[in-house]
Amino acid sequence: MQVDLLSSAQSAHALHLFHQHSPLVHCMTNDVVQTFTANTLLALGASPAMVIETEEASQFAAIASALLINVGTLTQPRAQAMSAAVEQATRSQTPWTLDPVAVGALDYRRRFCVELLSHKPTAIRGNASEIMALAGVANGGRGVDTTDAAANAIPAAQTLARETGAIVVVTGEVDYVTDGHRIIGIHGGDPLMTKVVGTGCALSAVVAACCALPGDTLENIASACHWMKQAGERAVARSEGPGSFVPHFLDALWQLTQEVQA
């Protein structure tokens, strides 16, 4: 199994495209991470919108550059709104990304996410346990936390990618991005990133935005993982703990965009 690495030139090119196109991202995400997710997108140069009412969600999915479905705080009314948005995104050819939070531990959201797969997401982003559960390989995870190493989920990610046509991202100490054939590994980051709620969910929003960019979508999505890890490393170097990490992280994302514009 060959795992390719992303070059710094590829990452910089994708970030230039990101800043140039400034995708409008319709984030149907969980209540815990909305502010952090929106600020992450803004720091990188995208435009976030958090539209959740069913009628509006369907309408906005046709306007947005990309749609994110994150099931972290799933309810039945929210599931109805998400389904409506995904159906409209499919009709409008709006790329959409699924973040199947905790599907390995909870049956209702697993069934819901499996139903959504019939609408062919452009990308799927989850930890190893979530990706393996969604692929039907195993049930597991400790709520939103993974109990599996990312590398162990590569075969499941490849299978899921081939079956759905999505680019699948497995995040962990090393992130792996695959279209079912090619695999790109992204190293970096810091364990402190797991002590701040929302870094994975925010990455899913950035992945969604990258699905709207021209060029090689696999490389663009892998670049999203690289930006987040790179910003995390910079933020940790300036932080004293989780509380001071978040503002430094947002600053680091902003600085990355300024560097590619220089």
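Positions of Cβ are set from backbone N, Cα and C atoms, glycine also.
According to Swiss-Prot:
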{"type": "BINDING", "residues": "Met50, Gly198", "note": "substrate binding site"}
{"type": "BINDING", "residues": "Arg125, Thr171", "note": "ATP binding site"}
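Residues near Met50 (substrate binding site) in space but far in sequence (CB under 8 A, at least 6 apart, same chain), listed by position: Cys27, Met28, Thr29, Gln34, Ala38. For Thr171 (ATP binding site), the same-chain residues that are 6 or more apart in sequence and have a Cβ closer than 8 Å to its Cβ are Arg125, Gly126, Asn127, Ala150, Gly200, Leu203, Cys225. Taking a C-beta cut-off of under 8 Å and a sequence gap of six or more, Gly198 (substrate binding site) has these contacts in its own chain: Val32, Val33, Phe36, Thr37. The Cβ of Arg125 (ATP binding site) has 33 other Cβ atoms within 10 Å, all protein chains considered. DSSP assigns Gly198 (substrate binding site) to coil, not to a helix or a strand.
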